[in-house]
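**Student:** Shown below is the structure under consideration.
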Amino acid sequence: MSLLPDGGLSLNVALSKSNLVLTKSEISSGDAELAAHVEKPPVPPPSPFPEGGLQAWLTVLGGSMILFCTFGAVQSFGVYQAYYSSHYLSQYAASDISWIGSLQTFLLFAGGLPAGKLFDEGYFHHCIGAGSLIYLLSIFMLSLAKPHQYYQIILAQGIGMGIGMGLLFLPAISVTSHYFRRRRAAAMGVVLAGSSLGAVIYSIMLNNLFNGSAGFGWGVRAAAFIDLGLLGTANLLMKTRLPSRRERPGAKPVDVKAILSDLGYWLCVIGATLTFWGLFVPFFYLQVFSEKHGLSKNIGFYAIPIMNASSLFGRTIPNFLGDVIGPFNVMIPCTVISGGLLFLMFAATNLGGTIAFGILYGFFSGGFISLITPAAASFSRDLNEIGTRIGITSFVIAFALLTGNPIAGALVQVNGSYIWYRPLVFASVVVLAGAACLTAARSILSERKNTNRL
């Protein structure tokens, strides 16, 4: 038996180490080769909606300005109702006067059908430009109306301003869908909050001007000059982002037949119509109600601004929550609470009751008003349907807004005396019936989308 010399042993160890290193290199090389052949996971495409950005929020700001001038004027009509009843149209019944505001509101919503179609076809700037001119011309004409001339007021305020509002209202809300999807309800809520701010400012300003040295004519002109500045700025700020249907020759046409046969959607529309039938009764009559119950004129003046100030928060906070848990899940409780609160208007016969009712009703009714649009849009199967569905919803709702307040006026005033329980019971019942229909619509949509986040 012979042993290898030390040198041979060292050589063998060195070779072994060399072989070991080579083996690791080979393995590393093989791993790199294998990794090169492994398919990398696909990068998800960027969202087609920016969900923010400078132009997106400028467009939201412009929409808020339009709602400030239009829907803000609708919500401050209670000031006109009180002033017309005691001064300008004192020989007319409350229901006759309320037809002016109801016709204006009807045209604001009914105009959503043609305006929605024009918006989908790419005529956004044509709509808001023409609407701004008609609205401004009409409000300046209203400032020239003479006392006890009903036809002059209904032509300028009811028809003229109403047509202008109809061309402005729906495009100002719908254009936010070009920039937001995940945060759409919140963006629409910010736009609608402009109407509450407008209602607060107009209610306080007009009450003081109408009953002060300025009088009716200059009070209306002051509002008109504010509208001129805001609508002009809004026309410059707002821009569309997505190509219209006529700019996309291969775009799928809107399936109107599918929309008309969508049971869940129509339950939502019926629910919204019933709710709007009674929802605006306090906005028209709270000031008159407080004054008829012996409260001072100053308290009556601020009853509607308090309600609209609370509505400002009601149109933003529920919408941010709606983006998290779904618009229906927030809107339905707001509707039920609004229906119940209408009975509490009976308690608004003193300062504390008036303030409490105004704050609570303004907040919860504002939650419904701001969430019905994204709720109706949630039935859309395609982005192209949003304008059409919102337009149809607005058109049907318009008939409730046309008749709701005159019905309340006919119920409240009998032979010159006011019987308040009749319009309040009517309003509460129809709002609660609307909440029941909205609950059924949510159930159908939940089954269709297989989710409770609606």
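Positions of Cβ are set from backbone N, Cα and C atoms, glycine also.
Remember, TrEMBL labels are computer predictions, not curated facts.
Sharing the feature lines straight out of TrEMBL:
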- 56-77: transmembrane segment (TRANSMEM)
- 123-144: transmembrane segment (TRANSMEM)
- 150-173: transmembrane segment (TRANSMEM)
- 185-206: transmembrane segment (TRANSMEM)
- 218-238: transmembrane segment (TRANSMEM)
- 263-287: transmembrane segment (TRANSMEM)
- 299-318: transmembrane segment (TRANSMEM)
- 330-349: transmembrane segment (TRANSMEM)
- 355-378: transmembrane segment (TRANSMEM)
- 390-412: transmembrane segment (TRANSMEM)
- 424-445: transmembrane segment (TRANSMEM)
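Tell me what's around each of these sites.
**Tutor:** Packing against the transmembrane segment (56-77) from elsewhere in the chain are residues 50, 100-101, 104-105, 108, 128, 135, 161, 164-165, 168-169, 172-173, 175-176, 178-180, 187, 190-199, 201-203, 206, 223, 226-227, 230-231, 233-239, 283-284, 304, 308, 311: each is 6 or more residues past its ends and has a CB under 8 Å from a CB in it.
Residues 66, 69-70, 115, 152-153, 155-157, 159-161, 163-168, 171-172, 175, 216-218, 220-221, 223-224, 227-228, 231-232, 234-235, 238, 240, 244 of the same chain lie 6 or more positions beyond the ends of the transmembrane segment (123-144) yet place their CB under 8 Å from a CB of it.
Within the chain carrying the transmembrane segment (150-173), a Cβ under 8 angstroms from the stretch's Cβ atoms is held by residues 62-63, 66-67, 69-71, 73-74, 80, 84, 88-89, 92, 96, 99-101, 103-112, 114-116, 118-119, 124, 127-128, 130-139, 141-142, 144, 188, 191-192, 231, 234, 238, 373, 387, 390-391, 394, all 6 or more beyond its ends.
Tertiary proximity for the transmembrane segment (185-206) is limited to same-chain residues at least six positions away from its ends with a CB under 8 Å from its CB atoms, namely 56, 60, 63-76, 78-80, 83, 172-173, 176, 179, 219-220, 222-223, 301-302, 304-305, 308-309, 311-312, 314-316, 318-320, 322-323, 327, 362, 366, 369-371, 373-374.
The list of residues near the transmembrane segment (263-287) in space but at least 6 beyond its ends in sequence, with Cβ under 8 angstroms from a Cβ of it, reads 75, 77-79, 81-82, 98, 101, 105, 300-301, 303-304, 307, 335, 338-339, 342, 345, 348, 354, 357-358, 361, 365, 368-369, 372, 375-376, 379, 389, 392-393, 396-397, 399-401, 403-405, 408-409, 412, 423-424, 426-431, 433-441, 444-445, 448.
Packing against the transmembrane segment (390-412) from elsewhere in the chain are residues 93-99, 101-103, 105-117, 169-170, 173-174, 259, 268-269, 272-274, 276-281, 284-285, 372-373, 376-377, 418-420, 422-423, 426-427, 430: each is 6 or more residues past its ends and has a CB under 8 Å from a CB in it.
Residues 263-265, 267-268, 270-279, 281-282, 328-329, 331-332, 335-336, 338-340, 342-343, 345-346, 375, 378-379, 404, 407-408, 411, 454 of the same chain lie 6+ residues outside the transmembrane segment (424-445) yet bring a C-beta within less than 8 angstroms of a C-beta in it.
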**Student:** Answer with yes or no whether the transmembrane segment (218-238) touches the transmembrane segment (299-318) by the criterion of at least three Cβ pairs under 8 A, sequence separation 6 or more.
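**Tutor:** No, the transmembrane segment (299-318) does not contact the transmembrane segment (218-238).
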**Student:** Is the transmembrane segment (330-349) packed against any residues at least 6 beyond its ends, judged by a Cβ distance under 8 Å, and which are they?
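**Tutor:** Sequence-distant neighbours of the transmembrane segment (330-349): 271, 275, 278-279, 281-282, 286, 289-290, 293-295, 303, 314, 318-319, 321-322, 356-358, 360-361, 364-365, 367-368, 371-372, 375, 420-421, 424-425, 427-429, 431-432, 434-435, 438-439, 442.
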